[in-house]
Structure formats: structure tokens, C-alpha cells
Amino acid sequence: MEIEAAKMIGAGLATLGMIGAGLGVGQVWGNYFTAIARNPAAKDEIGANIWIGFAVTEAIAIYALVVALLVLFG
Amino acid sequence: MEIEAAKMIGAGLATLGMIGAGLGVGQVWGNYFTAIARNPAAKDEIGANIWIGFAVTEAIAIYALVVALLVLFG
Amino acid sequence: MEIEAAKMIGAGLATLGMIGAGLGVGQVWGNYFTAIARNPAAKDEIGANIWIGFAVTEAIAIYALVVALLVLFG
Amino acid sequence: MEIEAAKMIGAGLATLGMIGAGLGVGQVWGNYFTAIARNPAAKDEIGANIWIGFAVTEAIAIYALVVALLVLFG
Amino acid sequence: MEIEAAKMIGAGLATLGMIGAGLGVGQVWGNYFTAIARNPAAKDEIGANIWIGFAVTEAIAIYALVVALLVLFG
């Protein structure tokens with residue numbers, strides 16, 4: 001297989017790493033909404049943690065995106 | 001494998017990264033509806049966060065779509 | 001592998017991206033029904049959001065469909 | 001790989017996109033029954049939405065079916 | 001297959017290891033929010049453990065990222 005062809009397949013495979021993060025970010029926000037509905041005061045307790053929790057989960061999708069771009073153009 | 005053939009297979013593989021986001025976005029909205037039913041006041045508490053939570057999850061599907069288009073046409 | 005053959009396999013692979021959206025849309029509607037049963041007033045609170053929540057989740061299946069058609073005929 | 005052989009494998013792969021819809025449609029109807037059992041009045045509230053909710057989820061399986069037929073006969 | 005081509009495919013495959021971590025980190029934070037909403041005092045009880053729990057889960061995504069980078073550039 002030529003390297004140019006392998007890059008296309010490698011980049012396609014690299015997106016599979018995003019599967020978990022997509023589900024994970026959905027879980028972070030979904031549980032956040034459930035938490036606020038059960039106990040509105042939780043919004044202050046959680047505070048900035050929602051942003052941290054979301055960001056570190058989204059980061060894993062970015063890792064996979066970076067590998068995909070490195071494979072394509074690196 | 002020729003590069004043109006690899007592009008077709010790579011783009012097909014790249015869509016697999018959308019699997020998690022599809023489930024994640026469903027989870028964000030599903031939990032939002034559950035939250036509003038349990039505590040209607042949660043609608044105001046959650047406010048714009050539903051849009052943020054949805055957008056950042058959908059973004060992961062867009063990452064995979066971008067990689068698929070880069071592989072096809074990049 | 002010839003490009004015509006790769007198109008067939010690439011399009012087949014591209015449908016796998018629909019897996020998450022299929023489950024996600026099911027979750028959106030399923031939770032909507034549960035929400036209405038628990039609190040009928042939630043139907044008005046949720047209002048048009050059910051259409052938005054459903055549409056943005058279905059959109060991810062459309063992304064995968066578009067990639068499949070681009071691979072087949074693009 | 002000859003194109004005739006690739007069609008067979010591509011069509012086979014395309015059915016994998018139905019996995020999520022199969023589970024999603026099950027979730028729509030499953031939650032509908034749970035909702036009606038918990039609150040029989042929900043049957044009127046939900047009304048035609050059960051048909052819409054089911055149809056749009058089933059549609060994702062149809063997308064995958066269409067791709068499979070396009071790969072086979074397109 | 002030439003080694004340069006194998007690097008591209010190997011790096012793509014390596015990102016699959018992130019799937020579990022993406023889901024896991026989402027579960028860690030999602031359950032943290034649920035826990036705080038149910039019992040606000042849990043925030044002090046959990047204390048720094050949220051950071052430890054998150055870090056060791058995220059670490060698994062980093063392992064996969066390191067392998068992907070080692071395959072590409074090692």
C-alpha cells in the first residue's frame with residue numbers, strides 16, 4: 001500500500017477515537033441537567049466544575065482529531 | 001491500493017467517529033426533557049446551557065465530518 | 001483495489017456513523033414520552049424543543065448519509 | 001477486488017448502520033408503554049407523537065437500507 | 001506494506017484506545033454532579049478524589065495518544 005493511500009485510511013480510523021468522547025460529553029451535560037432539576041442549589045455547588053468536566057472530556061475528542069490531522073498532513 | 005480507492009474507504013471509516021456524538025446529543029436532549037418534567041423551574045436554571053451542552057456534543061460529529069471531507073476532497 | 005470497488009465498501013462503511021444517531025433519536029423521543037407521563041404540563045414547557053432536539057440528533061445520521069452518497073456518486 | 005465482489009461486502013457493511021435504529025425504535029416504544037402504564041392519561045397527551053417518534057427513528061434504518069440497495073443495484 | 005504506510009494505519013488504530021476513556025471520563029463527572037445534587041455534603045466527602053478519579057481515567061486516553069505519536073514519530 002502506498003503511503004498516500006495509507007494516510008487516507010489512517011485518518012479515517014483515527015476518528016474512531018472520538019466515539020467515546022461524544023458519548024461522554026453527552027453524559028456530562030445530561031447528568032448536569034438532571035442534577036439541577038433534582039436540586040437547584042446544585043448549580044452553585046457544581047459551579048465551574050461543569051466547564052472543567054466538559055473540557056477534559058472534549059479534550060479526548062481533540063486528541064483523536066489531532067492524530068487524524070497529523071496522519072493526513074503531518 | 002490506489003489513493004483514489006483509499007479515499008473512499010477512509011471517508012467511510014471517518015463517519016464512525018459520529019457514533020458517539022449521535023448518542024451523546026440524544027442523551028443531552030433526553031435528560032433535558034426529563035429534567036423539565038421533574039422540576040419545571042429547571043428550565044430557567046438550565047437556560048442557555050442546553051444550547052451549549054448540545055453544541056459542544058454536536059461539535060464532535062462535525063470533527064468527524066470534517067475529517068471525512070478532508071479525506072475525500074482534501 | 002479499483003476505485004469502483006472501493007466506493008462500494010466505503011459507502012457501506014459510512015452507514016456505520018448512523019448507529020449513534022439511531023439510538024440517540026430513540027432516546028430523545030423515549031424520554032419525551034416519559035416526561036409527559038410524569039408531568040403532563042411538561043408538554044407545554046418542552047414545546048418546540050422536542051422538534052429541535054430530534055432534528056439536531058437526526059442531523060448526525062444525515063451527515064453519515066451525505067458522506068455515503070458522496071462516496072458513491074461524488 | 002472485483003467490483004461485483006465489493007458490492008456484496010459493501011451491502012453487508014451497510015446494514016450495520018441499522019444497529020442503532022433497531023435499538024432506538026425499541027426504546028421509543030418501550031418508553032411509550034412505560035409512560036402509559038405510569039399515567040394512562042398520557043396516551044391522549046402523547047397522541048400522534050408516538051407515530052412521529054417511531055417514524056423518524058425507523059427512518060434512520062431506511063437510510064442504511066437505501067445505501068445497501070444503492071450499493072447492490074445502484 | 002511499506003513501513004511508512006503501516007505507521008499511518010497503526011496511528012489511526014491506536015486512537016481506538018481512547019473510546020473507553022472518553023466514555024469513562026464522562027461517567028466520572030456525570031456521576032459527580034448527580035452525587036452533589038443528591039447530597040451536597042458529598043462535595044466535601046469526595047474532595048480531591050474527583051481530581052484523582054478524573055486524572056487516572058484521562059490517563060488512559062493519554063496512553064493511547066502517546067502510542068499513536070510513538071507510532072507516527074517514534
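Yeah, the Cβs are placed from backbone N, Cα and C, and that goes for glycine too.
The annotation domain 'V-ATPase proteolipid subunit C-like' is assigned in TrEMBL to E:9-70.
When Cβ atoms from all protein chains are considered, those within 10 Å of E:Glu58 (site 'Reversibly protonated during proton transport') total 21, not counting its own. Taken from TrEMBL, the feature site 'Reversibly protonated during proton transport' applies to E:Glu58.
Annotated transmembrane segment per TrEMBL: E:12-30 (among others), in sequence order.
Annotated transmembrane segment per TrEMBL: E:50-73 (among others), in sequence order. The list of residues near the transmembrane segment (E:50-73) in space but at least 6 beyond its ends in sequence, with Cβ under 8 angstroms from a Cβ of it, reads 7-8, 10-11, 14-18, 20-22, 24-25, 28-29, 32.
Confidence annotation: the domain 'V-ATPase proteolipid subunit C-like' (E:9-70) carries a mean pLDDT of 95 in the model. Look at E:Glu58 (site 'Reversibly protonated during proton transport'): DSSP puts it in a helix.
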